[in-house]
Amino acid sequence: MAVACAAPGSTFSKQLLFFLLVLVLFCDACQKVSLHVPSHLKAETPVGKVNLEECLKSPSLILSSDPAFRILEDGTIYTTHDLLLSSEKRGFSILLSDGQGQEQKKLEVVLSAREKKVFRKRHTKEPVHNRSKRRWAPIPCSLMENSLGPFPQHIQQIQSDAAQNYTIFYSISGPGVDKEPYNLFYIEKDTGDIYCTRSIDREQYDQFLVYGYATTADGYAPDYPLPLLFKVEDDNDNAPYFETKLTVFSVPENCRSGTSVGQVTAIDKDEPGTLHTRLKYKILQQIPDQPKHFSIHPDTGVITTTTPLLDREKCDTYKLVMEVRDMGGQPFGLFTTGTITISLEDENDNSPYFTQTSYTTEVEENRIDVEILRMVVHDQDLPNTPHSKAVYTILKGNENGNFKITTDPNTNEGVLCVVKPLNYEVSRQVTLQIGVLNEAQFTNAANAQPPTMCTTTVTVKIKDRDEGPECQPPVKVIQSKDGLPAGQELLGYKAVDPETSSGEGLRYEMVGDEDNWFEINKITGDLRTVKVLDRESKFVKNNQYNISVVATDTAGRSCTGTLVVLLEDFNDHPPQIDKEVTICQQEKDFAVLEPIDLDGPDNGPPFQFLLDNSSSKLWTLESQDGKRAILRQRHNLNYNYYSVPIQIQDRHGFSAKHVLSVRVCDCTTPTECRMAVKEERDAKPNIILGKWAILAMVLGSALLLCILFTCFCVTTTKRTVKKCFPDDVAQQNLIVSNTEGPGEEVTEANIRLPTQTANICDTSMSVGTLGGQGIKTQQSFEMVKGGHTLESHKGGVLGAAEPGRYAYTDWQTFTQPRLGEKVYLCGQAEEHKHCEDYVRPYNYEGKGSMAGSVGCCSDRQEEEGLEFLDQLEPKFRTLAKTCVKK
């Protein structure tokens, strides 16, 4: 700290006293300051602190009129040696000046010594005055940080007004006494003097709040505890230091003067807002030191450039040795030094240039995708950045696009390649001019002119070689009419042999003819149509039909060309229209017709719409802009289908008749109409069965056949079998006679039944009267177990029959009605349940028979008793044989 003091007994002291005398006589006086101090002051003891800025702002010269005191810049007053205040007061003046003598101030300071009082003890018998306790007024006090002592050092004295009447004992408590830090303060209980036992670090403890107590000998406290605030005055014992040990800034090269580079910051642990923490920054050294490029603001620490001549290519890094000092940068302030690094960012301020001004190379003709040359460039900018990466351009000589130049990403070289064949017969040498730039845009340095593009010349020599045919041009266009019939010839594709400049010896072949329209003459290359040319074919795009032709020489070398057949439109398609029309009555009563014409625009619209006379009573047809027409109802029609014939013509009168199927529907939109369109209504179901459906049908049919066969077997086995004859038919119906001749002729049946059809043994038969003539249906009476069959075939007149056959016929005529009746009645009993059980009596039944009665009841009881067929008697066998023979 800057402390100005007078040393007695020296020449300087005399001059200083003279100067003080002048200041005292001519300076203005400020407000007087009074300080209460102990009567005994030791050397280097802080007496107090005054506010100098209230008297004079930023004084550059501070002097004391009393050599026993020195004053710091912050207003702190220190003693220079031990002092004993003999009188109660001692005064001196602080003289302030701005350094140039233009303004001077004087500040009066008065020191008052504290008086010692005589205490007496309070007697217990003395009455206690009835008064309320008072709170002591706190006494301000401060401690100097890092005080050198001697210790214990007197700090303050507390006294109670009750000491005038009683003997008071004093005590203190709080931080520094009975709390951390312990035993830093103590008090003399009799006098109230407070002492400090050791030095204090303000950065650790900036103040102490201690409570003082005043009590009598018997423990009575006449006053409230007194709060004592001991503030530790800062001592400039901490040097500032930079916040970061390693600081790196970057700034673009060629930047303008005054460009901010960065800001350095430092920290001082001393008391903020004081001179101890007022920091100043300074650049001590720049490495390299010439020329000077940087400066720093002393208060903010902001580093800026002082020149626009920063060039990364000359020096890419600078180091600055910095100093930060407290006490406002005064020489006696504490300081610290540090080093920061400033890196220059690259800018594209250097153009690339070729290492050679010209190059020569060669290449064979007709070679493609081959590298022919590499060119090297230099660039002083930072490698592998857009500022140094080269971009090559062919400026001249590549009008046909035969060459391409690229950049090798690894070496930054320019690579020249041939991408399109060169022809030795056309040109034997090509000269190229190539330029180079950087990927990044060029940045001009200060006061510098923009550079020009660096260029070089490349001479490419073309080497001759025996080559195949050339297809030039690659695409040839010929014209043809739409609808050209088959068998017509067209000019084809012609290739040339560059060695002979003719097409002799070449053979042609088509490799691309999508719709097979043409055939090619292998010698001349001309085309012949094999189909009718149709411009509306799906293979025709934009009126063009493409054909690929290959020309091959005798050595097998070939070239490929494309022949484009440009078809001229022909009016061969009438206008077409959608024949299904829907009119939604809820929305509108008309439909918009929009025909299309597959021909070109010259053979298309405007269209002319004509309505057939048969539909004019119900409909009107109005043309709209030649492309559309409106079909409108003359009046609201019923919801139904209507056929409307119309005719549409294109601009050349080519027309076609159409029958529209108009669906008048109750709907808002056609999709809501539930009436099926005509095509859907008339369409036959088109059902295609898959393999699984067919397999399912086959398996289902097989299963159904199995079920039917099973039912047939069960029914055949269990159903009721109607017997054709009872078991005793032979004995009951044959008359015993000794003659073989015919019996007595019977002309009428004993029982007459109406002619009817009865089911006997599941065979239809006609039952008539006995002796009736006519044709009889063949009948078969089959005995299952006997193996014999009784048959009746178609016969003629009974009179013409043989005698034996006549007897059999009479027997059959007699028994058949009766058997039919019985079968009929049994059937009625089975179905309607109205037949009664009865027994038919006969006059003669002959020998007993195993078959029993022929009544319906016995027949029902023995439906399946066919065992008698196994033991037929001889008479029945004879009759059966007779019946079988015919």
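Yeah, the Cβs are placed from backbone N, Cα and C, and that goes for glycine too.
On a predicted model such as this, the values are computed, not experimentally measured, just so you know.
Copied over from Swiss-Prot, here are the features:
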- ASN130: N-linked glycosylation site (CARBOHYD)
- 135-242: domain 'Cadherin 1' (DOMAIN)
- ASN165: N-linked glycosylation site (CARBOHYD)
- 243-354: domain 'Cadherin 2' (DOMAIN)
- 355-471: domain 'Cadherin 3' (DOMAIN)
- THR385: phosphothreonine (MOD_RES)
- 472-575: domain 'Cadherin 4' (DOMAIN)
- ASN546: N-linked glycosylation site (CARBOHYD)
- 576-682: domain 'Cadherin 5' (DOMAIN)
- ASN613: N-linked glycosylation site (CARBOHYD)
- 715-886: topological domain 'Cytoplasmic' (TOPO_DOM)
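Sequence features annotated in Swiss-Prot and their locations in the structure.
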residue	record	DSSP class
ASN165	N-linked glycosylation site	coil
THR385	phosphothreonine	coil
ASN546	N-linked glycosylation site	strand
ASN613	N-linked glycosylation site	helix
Q: Consider the recorded positions THR385, ASN546, ASN613 and say which one has the Cα lying nearest the Cα of ASN165 (N-linked glycosylation site).
A: THR385
Q) Mean pLDDT over the domain 'Cadherin 1' (135-242): what is the value? A) 88
Q) If you count Cβ atoms within 10 Å of the Cβ of THR385 (phosphothreonine), leaving out that atom itself, what do you get? A) 14
Q. Which of these glycosylation sites has the least crowded Cβ, counting other Cβ atoms within 10 Å: ASN165, ASN546, ASN613?
A. ASN613
Q) Do you know the DSSP helix, strand and coil residue counts for the domain 'Cadherin 1' (135-242)? A) 4 helix, 43 strand, 61 coil
Q: Would you kindly give the Cα-Cα distance separating ASN546 (N-linked glycosylation site) and ASN613 (N-linked glycosylation site), rounded to the nearest Å?
A: 48
Q: Determine how many residues of the domain 'Cadherin 3' (355-471) DSSP places in helix, in strand and in coil.
A: 0 helix, 53 strand, 64 coil
